[in-house]
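Participant: Provided herewith is a single structure, encoded as structure tokens, for subsequent inquiry.
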Amino acid sequence: MWAGLLLRAACVALLLPGAPARGYTGRKPPGHFAAERRRLGPHVCLSGFGSGCCPGWAPSMGGGHCTLPLCSFGCGSGICIAPNVCSCQDGEQGATCPETHGPCGEYGCDLTCNHGGCQEVARVCPVGFSMTETAVGIRCTDIDECVTSSCEGHCVNTEGGFVCECGPGMQLSADRHSCQDTDECLGTPCQQRCKNSIGSYKCSCRTGFHLHGNRHSCVDVNECRRPLERRVCHHSCHNTVGSFLCTCRPGFRLRADRVSCEAFPKAVLAPSAILQPRQHPSKMLLLLPEAGRPALSPGHSPPSGAPGPPAGVRTTRLPSPTPRLPTSSPSAPVWLLSTLLATPVPTASLLGNLRPPSLLQGEVMGTPSSPRGPESPRLAAGPSPCWHLGAMHESRSRWTEPGCSQCWCEDGKVTCEKVRCEAACSHPIPSRDGGCCPSCTGCFHSGVVRAEGDVFSPPNENCTVCVCLAGNVSCISPECPSGPCQTPPQTDCCTCVPVRCYFHGRWYADGAVFSGGGDECTTCVCQNGEVECSFMPCPELACPREEWRLGPGQCCFTCQEPTPSTGCSLDDNGVEFPIGQIWSPGDPCELCICQADGSVSCKRTDCVDSCPHPIRIPGQCCPDCSAGCTYTGRIFYNNETFPSVLDPCLSCICLLGSVACSPVDCPITCTYPFHPDGECCPVCRDCNYEGRKVANGQVFTLDDEPCTRCTCQLGEVSCEKVPCQRACADPALLPGDCCSSCPDSLSPLEEKQGLSPHGNVAFSKAGRSLHGDTEAPVNCSSCPGPPTASPSRPVLHLLQLLLRTNLMKTQTLPTSPAGAHGPHSLALGLTATFPGEPGASPRLSPGPSTPPGAPTLPLASPGAPQPPPVTPERSFSASGAQIVSRWPPLPGTLLTEASALSMMDPSPSKTPITLLGPRVLSPTTSRLSTALAATTHPGPQQPPVGASRGEESTM
């Protein structure tokens, strides 16, 4: 009953109707109509209603240009080649072509009556219809021209004709059958480069740019953000639009490749105009403590009669010091003057400053020199200053001499050397204002000093742009597009060849108008490299059609002399409209009036073709671009996407009467997708792993790793090592196996019973489960719990709960050490949980010990059937120290007051076992136990043969 109620509730829940699905059609409310624009192309005339096709011409279905001639009276078996000009099968041309049938035609005549009488008119059908005999008479039925047409695109049959539609990127030719490629590049859809292809085009970018995700725009490539291993500059990189500039660190300069840097020489002298070597060695004066005792440098002796240096002054050669010479001469002043004059010193007034003020006042300078006599006072030792080129310098002082010499004084000795300049850039600025070394703060390029960061063009190179950065100048030149150009370039840096047209062996400039192929009645125009030809437009005639005459060699009709008329005749059937009658000839865009001279004047509301695939609404004059698109005979709403008919891997979208197609975007959400044959995108079901197809859910091994097992799950591959179970202490790995195995020394009994040499229980390949089923090797750290109680058996679950409340707690005795008991030392105890309850597990708990031969499982009550004996399957270890009993499955009726066995699942392989220790149950509990056993297993079970009470007591 409970199961039936649950099943009914599930069925009702499944059959309950859900909320109605709300589909989104994608249609948007119609917006404003696009503003009409003036029609362009040949055969366009202006009227009071705007611009439109001239009389005798109609817009083509593909491009919308006025290139489709109209023959008002039909051409019959001929073809309309010009307004009201038919080309007949016999080679003649005229306003119409004669029928080949008799006066009444193939299907007889109809009697037509009007104002003056009746006449027989041949039964004919309009163009695009055929006469068909039906049960109710002869009817005109539409002809499916698509069956026999030579349309290169998609043919759509219409009432009385057909429409040949070309795919995206193609346009219908003037013959209304063939499709020609549309050069989309003429509309400049690409920002930089455009390459036309059949039915499509491809945008590309110049070097230094990459294509944007919209496939039209170009984005600057920041070359300076590349990874370290792919960097473009050796040292520093500065990104520019479409390019980059490289600079070098101080001490390096840019090589000719403008990318790598090279080190300057370790020492580069200042410019030659500043640092010129002297032709004579430098001399300097050293002060002496005594006056009148000059010291000369080696190789320089005072000339005869020349005065020596002033008192307390000595001379020395640079850079090595010169020892003081103990010689003197009465002509020291003359010698000093000649020596100073021979030395290249920039100042000419040195003689007035030879002696410092301290010497002129008679002071004694503390310089390291020996006294002249014993009467001389001893001077305190200390650092001696230096007298150099008329100036006194303290010891350990430094100064720069004119000529870029660096000098320093060290204890009375002056040392000078050339200033060494480090060239840290490629275009340094020469030193100014007495400086010695060039500067890298700015650039000196082509004789002009540029400030830091200046962008300039070299002389006579206006198309080259240079930039000054840290004394380095980097220049780039613009890239000029190759091939012809649509418009003249805006700068003088690039030149291109203008677009021309090649037609019948001659070249024509863009926009040129010429006659085509010697036919004076055909006018051709060169537009954007393509030639478009059409018949020469003819002036509108003021006479009715019956008065048109085409003379020999003429391209247009002329009017003959008018004849008096009382109305306007429209066709050969004699239908006339009175003067002043206004009517619509079946076209909602055209209104006609019968004028007094018998001519018909029609005014047409010309429609502007603002889109290639508008929706034509019946009864409406102009097609509608704002409502959606008409494509391949179907109507699509704005922003509606649909697969292309010509290529299933293209996805098209309708946008205000235009259809744009692009490749299908394939989102890949897995690592190993598989690309089925004939599909546009890979799918994440099967896997493509290392070039081979792996079915979903298939488990396979790797060729180079046979011990690795992999699984394909919805495009993802997960691999793991083959798990191995250690069944013995000393495993051995055999060649070709993934897992180790036990050696052959293991006894057959141990291998069969699943016991290791250490006495532990292990299920081997020969082991059996509790129910006798063959099981695979297992090694579980914890055993899973039994299945939970099924809600479809609430009565059984209630009985189990009532029975549990009447049971005692489990009495457990500690297990004796291994080998302390014999074969009968293992007893059963009372478990605390039932199968189906949380925490229940089919385990054996040791109970209180019983004497040998005493029955462990007593009868439930007098007269109750005896429980069948239970015979355990014993397994002996190698040492025989421990006995492990494996119990066969017990029948469900053995639920007595002493023991109970609850099994929720009747299947032998999944039966959890709960053994209860001996206890005297109450009558109510006994009856519940009996009812529970009967409910679980209604059928009686026979006890196994050969079981003894003694074997049962060992439990």
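Each Cβ is built from the backbone N, Cα and C atoms, and glycine gets one as well.
Relevant sequence annotations retrieved from Swiss-Prot are reproduced here:
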COMPBIAS  300-310  compositional bias 'Pro residues'
COMPBIAS  311-329  compositional bias 'Low complexity'
COMPBIAS  921-936  compositional bias 'Low complexity'
DISULFID  C146-C155  disulfide bond
DISULFID  C151-C164  disulfide bond
DISULFID  C166-C179  disulfide bond
DISULFID  C185-C194  disulfide bond
DISULFID  C190-C203  disulfide bond
DISULFID  C205-C218  disulfide bond
DISULFID  C224-C237  disulfide bond
DISULFID  C233-C246  disulfide bond
DISULFID  C248-C261  disulfide bond
DOMAIN    220-262  domain 'EGF-like 4'
DOMAIN    384-441  domain 'VWFC 1'
DOMAIN    566-626  domain 'VWFC 4'
CARBOHYD  N462  N-linked glycosylation site
CARBOHYD  N472  N-linked glycosylation site
REGION    292-329  region 'Disordered'
REGION    360-380  region 'Disordered'
REGION    812-889  region 'Disordered'
REGION    903-955  region 'Disordered'
Participant: Which one is closest to C190 (disulfide bond) in space, judged by CA to CA distance, out of the recorded positions C166, C224, C237, N462?
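Facilitator: So, spelling it out, the nearest of the recorded positions is C166.
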Participant: Do any residues of this chain, six or more beyond the ends of the domain 'EGF-like 4' (220-262), have a C-beta under 8 angstroms from a C-beta of it, and if so which?
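Facilitator: Residues 206-210, 422-426, 440, 467, 469-470, 472, 474, 476, 479 contact the domain 'EGF-like 4' (220-262) from elsewhere in the chain.
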Participant: Fill in the CA-CA distance, C224 (disulfide bond) to C218 (disulfide bond), as an integer in Å.
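Facilitator: Each residue's Cα considered, C224 (disulfide bond) and C218 (disulfide bond) end up 18 Å apart.
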Participant: Take the domain 'VWFC 4' (566-626) and average the pLDDT across it for me.
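Facilitator: Across the domain 'VWFC 4' (566-626), the average pLDDT comes out at 79.
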Participant: Could you check the disulfide-bonded residues C155, C203, C248, C261 and say which one's CB has the most other CB atoms within 10 Å?
Facilitator: C248
Participant: Cα of C164 (disulfide bond) to Cα of C218 (disulfide bond): how many Å, rounded?
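Facilitator: Rounded to the nearest whole number, the Cα-Cα distance is 36 Å.
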Participant: Give the distance between the Cα atoms of C218 (disulfide bond) and C203 (disulfide bond), rounded to the nearest whole Å.
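Facilitator: Rounded to the nearest whole number, the Cα-Cα distance is 9 Å.
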Participant: Nearest by CA distance to C146 (disulfide bond): which of the recorded positions is it, out of C166, C248, N472?
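Facilitator: For C146 (disulfide bond), the closest Cα among C166, C248, N472 is found at C166.
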Participant: In angstrom units, rounded to an integer, how far apart are the Cα atoms of C233 (disulfide bond) and N472 (N-linked glycosylation site)?
Facilitator: 14
Participant: So how many other Cβ atoms are close to C205 (disulfide bond), meaning within 10 Å of its Cβ?
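Facilitator: A count of 19.
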Participant: May I ask for the distance between C185 (disulfide bond) and C203 (disulfide bond), taken between their Cα atoms and rounded to an integer number of Å?
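Facilitator: Computed Cα spacing between C185 (disulfide bond) and C203 (disulfide bond) is 9 Å.
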Participant: How many whole Å apart are the CA atoms of C203 (disulfide bond) and C237 (disulfide bond)?
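Facilitator: About 29 Å separate the Cα atoms of these two residues.
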Participant: Please work out the number of neighbouring Cβ atoms within 10 Å of the Cβ of C185 (disulfide bond), leaving out its own Cβ.
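Facilitator: Here the count is 19.
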Participant: Which of the recorded positions C155, C179, C194, C205, N472 has its Cα closest in space to the Cα of C248 (disulfide bond)?
Facilitator: N472
Participant: Can you tell me the three-state DSSP label for C224 (disulfide bond)?
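Facilitator: It is helical.
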Participant: Go through C166, C233, C246, the listed disulfide-bonded residues, and name the one with the sparsest Cβ surroundings, counting other Cβ atoms within 10 Å.
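Facilitator: Among the disulfide-bonded residues C166, C233, C246, the sparsest Cβ neighbourhood within 10 Å belongs to C233.
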